[in-house]
Amino acid sequence: MRQDGRPLLRDLRQSRAWPVLATCLVAIATLGLLLRGQARPDGFDSVVDTTMVASLGGHRGILAWFAQPGSTIPLIAVSAAIAAGCLIARRPNGAVLAVTAVPVTAFLNDTVLKHLVGRTHLGQLSFPSGHTASAMTLATVLGVLLHDPARRTATRVVRTAFVVVACAVTALVAVGVIGLRWHYFTDTVGGVALGTGTVLALALLIDLVPAALRRFSSWRAMHGAS
């Protein structure tokens, strides 16, 4: 069975991926420095969080459903479904992205950034929001895999709709974790930046592997011939 040799990020998108990735890194670094060691909301958080909690705080059941897509079981299920779809479409690089993106995001979030920044909410490390980061990770994975301007307009509408829905789900997750008082608003902003940046970085790395292997094969062939 012939594999689809398309890179995850085509040349045009690859040139756009770098500035988006840089923006994500700057956002995380800036927020991390500003919020380092804090145990309270900043001025902007106070306005957004107070309004959201006042409006939705009495609907904890609904808020829990909003936050649910950012939890473990849904993340595993959706990641597996995306990976299976990539294998059916003969895009092994897409399957690799689908199965690695959420674990890498979770590692960076829980093991690195939360401890590095040290911001707390009700005694728990909170920056960035892991639920929001994971949900945004899957939305970005879908964006990378489904973006293909060369395809027909009819399928482009459907593919765009999938990505828009995934982004809307991420927004609902952010609303859920703020309304439940698990996170501040800026925690969710950091989560969006982390999820987006992680996927773009992984996609760029995965695309570099075939090129590196081709260069290595050429080098071996050249030196073997000599």
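Cβ coordinates are placed from backbone N, Cα and C, and glycine is handled just like the others.
Residue ranges 15-36, 125-146 are listed, and TrEMBL annotates 125-146 among them as transmembrane segment. For the domain 'Phosphatidic acid phosphatase type 2/haloperoxidase' (95-203), the model gives a mean pLDDT of 94. Remote same-chain residues near the transmembrane segment (125-146) are listed as 8-9, 28, 31-32, 35, 67, 69-71, 75, 78-79, 82, 86, 91, 94, 97-98, 101-102, 105-106, 109-110, 113-115, 117-119, 159-160, 162-163, 166-167, 169-170, 173-174, 176-177, 182-184, 186-188, 190-196, 198-200, 203 (criterion: CB distance under 8 Å, separation of at least six residues from the stretch ends). Of the ranges 63-88, 95-113, 192-213, the one with the most Cβ pairs under 8 Å to the transmembrane segment (158-180) is 63-88.
Listed by sequence, the residues of this chain that lie at least six past the ends of the transmembrane segment (63-88) yet keep a Cβ under 8 A from its Cβ atoms are 56-57, 94-95, 97-99, 101-102, 130-132, 134-135, 138, 141-142, 145, 169-170, 172-173, 175-177, 179-180, 182. Within its own chain, the transmembrane segment (95-113) has Cβ neighbours under 8 Å at 8, 28, 32, 75-76, 79-80, 82-84, 86-87, 127-128, 130, 133-134, 137-138, 140-141, 144-145, 190-191, 194-195, 198-199, 202-203, 206, counting only residues six or more beyond its boundaries.
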